[in-house]
Every structure is written in C-alpha cells, then in structure tokens.
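Quick notes on the structure that follows.
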Amino acid sequence: MPQHAPSLTEARRLVVKIGSALLVDAASGRLRSDWLKALALDVAEAKSRGVDVVLVSSGSIALGRRVLGLPAGALALEQSQAAAAVGQIQLARAYEEALAPHGVTTAQVLVTLEDTEDRRRYLNTRATMETLLALGTVPIVNENDTVATDEIRYGDNDRLAAQVAITVGADQLVLLSDVDGLYTANPQSDPSARRLELVTAITPEIAAMAGDPVSGLSKGGMKTKITAARTATAGGCAMVIAAGDTLHPLLAIAEGGPCTWFAAHGDPQAARKRWIAAMKARGILHIDAGAVAALQAGKSLLPAGVVSVEDRFGRGDAVAIHGPDGALLGQGLVRYTSGEAQAIRGQHTDKIAEILGYPGRSVLIHRDDMVL
Ligand SMILES: Nc1ncnc2c1ncn2[C@@H]1O[C@H](COP(=O)(O)OP(=O)(O)O)[C@@H](O)[C@H]1O
Ligand SMILES: N[C@@H](CCC(=O)OP(=O)(O)O)C(=O)O
C-alpha cells in the first residue's frame, strides 16, 4: 500500500463524478456554463494525453425542475422522475456542446445500480463502455432516474460513480464536491477539524469521521463518499475527493491542490481476477489442446476450441475450463448460455450467426473475464 498519495497525472482511465450543485446554479436553476467550459478544457487536456475519461454527472432533476416550473423544495418521486426525463436531455446536450469544440465526442449512458449487480447486464454495460472508450468518446453517465425503482437519493451518484469505475476498470476516480476532502470531523460544524491527505485503509475510525451534510441544499454528505471509496479501492481504483467549485478542478488536483486521496488495493485487473476466481462455477467447458495453448498465450476462448459443454448456465455465469486431460485450467465469465455454447462448440466464429440465427459475441470467454 503506498504511503504517498497517487497523482492525477498518472491516471490511465479516469472517472469523474460531478454533483448537481456544481453543474446547476441553485438560485436560478440554470446551467453553470462557464464552469462546464473550464471542466471541458481539463477533460480535453487529459484526453490529449491518451487518458480515457468517463464523466458521471448528476443534474437532470435540478435542470428539469426549472423547465417544468416545479416548486422549490422536496418533490414527489414521480415529479423527480419527470424532471429527470426533461433535464437529462439538457444535461447531455450541455456536455456535448462543451466538449465538441475540443474535438471530443460524447455518449450518453443511463444506468441503474442494479445493472452492475446483475452479471449479464454488467457484462453488456462493460462491453459497450469499452467500445465507447476505444472509439475515443467520453461517456456521460447518470442514473436512469425514470426507471429507477428506488427513491432517488441524492448522493447515490457517488456510489454509482464507484460502480462505474469498477465496471470500466478505471484506475482513478475523482469525486468533485463542495468540500476539498475528508476532514477529521465535519468542518462546517467543527472548526478544529483537519483535512486528511491520504487514507490507506477505511477503518471504523475513518468511517466515523464522515457525517451528514449541514446545509439543506446538500445531499449525501461524506457518508456516501466513504461507501464509494470502499467500493472503488477494493476494486483496485484509487479515489480522490476534491473541491469542484473552482474553475479547472482537475488541473487543480493535478497541480497538488488540496484534496484527500484513498489508496487502491492492488490494480483493477488483479481485483477483477480475484472477483472472478471467488465465484461458484455453474458449468464446465472442456477445451482442446490448441485452445489450451491459445489461453496460455493470453488469448480469449473461441467456440472453435470447445469440445464439450457440461451443466446448465446462463450468460454472465462463471464456468470452469478443463483441458483435454480433464485438469482444471481456470474459470471465466461466459458470454453465451449452455444451450448456445452447445450449439456453437467446435465452430468458427463466422458461423455463429448462421447457427444461432442471430449475431452474437465473437468470443465465448473474453480474456479479461478469465482467470487461469
Ligand atoms: N468528515 C467530513 N469531512 C468533510 N465534510 C464532511 C464531513 N462530514 C460531513 N461533511 C459534510 O459533507 C458535505 C459534502 O457532501 P455533499 O454536500 O453531499 O457533497 P456533494 O454535493 O459534493 O456530493 C460537506 O460540505 C460537509 O458539510
Ligand atoms: N441522478 C440525479 C441525482 C442523484 C445525485 O446523486 O445527485 P448529487 O448528490 O447532486 O450528485 C440527477 O441527475 O438529478
């Protein structure tokens, strides 16, 4: 575990969470476009260094309620969901307009927390995000508030951002907040509170420091940020809390401005492999000698190398991989059901669509979803 804080300049894949209060002016309900333009410059600068960037942004309800003329104060759930539906269009367009002048293409991705809990949807989200990033876009992620079944809780986007960071295998997560880090107590109520530079483990003492927000405008407070830190760091992603209200907030962190870093446990790849290895296998794929050599050379498992399929499993389930001698080689998350795997085993990838009657994924188990 590093004893010195990471640097934002080291990030290879960065997720940045932007809260409603940063994007939308509380008094007028309007977009803070100068702030967004400055943030867009920071994002474009990171992209020009080859960093993959994902933005998790709240603000749809705050933007939508003004358009709909809804009153200030708490909204009924269905009003919040209606406001989100209206505001999300504005939110996505605002990012598109801010980033397009820098030659950066944006993509809108709406997810729910359950999407990352259901393994099949998780794998699909991951594959789409991976493709969007490979194509150079900046995905703008928000909760799909109109279909979310739970009460929309402010602060949930902290947790959502951590889930997104894990899903895309990010190595750094930035939570831009109205406070410049984690303090020993809530600085708004305790003037003697001091900011921590680096948290290497989220001990009960650290968790106890996090309180609720003081002002009525505020949302999850520090508690949801600590929950996010737990998820992110366990998944091999370092997290930083910093003040977002300044222009160029990412540049400020990179230049060593005030913030609190939470150190990652290992790297995202290792954390993902631990996660896959710990799953209960639902079935077995027996593969031939050629496929064994391919996997050992770091390749994905293609249907062509599968000799037989045992047991019933669904897409996204963990399955064991056995070699020609029956020895267990490893396990991975499978992209087809057992029935489909049975139908395409031993076949070339270009035959999949003809056999199944629909185009599928080219690999049975992707190398990133496999532990040997
Ligand atoms: N230990 C703490 N350190 C820093 N802030 C704390 C702490 N405990 C509670 N808070 C409160 O949490 C607030 C940040 O949470 P919140 O307003 O929900 O952030 P955001 O809107 O940026 O997501 C701070 O402004 C502060 O009032
Ligand atoms: N998804 C909702 C807000 C959820 C949320 O966590 O808000 P915030 O605490 O401002 O990050 C929206 O876009 O309005």
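Positions of Cβ are set from backbone N, Cα and C atoms, glycine also.
Copied over from TrEMBL, here are the features:
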type	residues	note
BINDING	Lys17, Ser177, Asp178	ATP binding site
BINDING	Ser58, Asp145, Asn157	substrate binding site
DOMAIN	283-365	domain 'PUA'
### Summary
Taking Lys17, Asp145, Asn157, Ser177, Asp178 as the binding-site residues, the residues having C-beta under 6 A from ligand 1 are Ser177, Asp178
### Message
I'd like to know which of the binding-site residues listed (Lys17, Asn157, Ser177, Asp178) lie near ligand 2, counting only a CB under 6 Å away.
### Response
Asn157
### Message
Under DSSP, is Asn157 (substrate binding site) part of a helix or a strand, or is it coil?
### Response
helix
## Note on the structure
Candidates Lys17, Ser177, Asp178 (binding-site residues) passing the 10 Å Cα cutoff around Asn157 (substrate binding site) are Lys17
### Task
Work out, from DSSP, the number of helix, strand and coil residues along the domain 'PUA' (283-365).
26 helix, 22 strand, 35 coil
#### Entry: Confidence summary (mean pLDDT) of the domain 'PUA' (283-365)
95
### Integer Cα-Cα distance in angstrom, Lys17 (ATP binding site) to Ser58 (substrate binding site)
8
### Query
Counting all other Cβ atoms within 10 Å across every protein chain shown, which of the binding-site residues Asp145, Asp178 scores highest?
Asp145
### Asp178 (ATP binding site) to Ser58 (substrate binding site) - Cα separation in whole Å
14
### Query
How would DSSP class Ser58 (substrate binding site) in three states?
coil
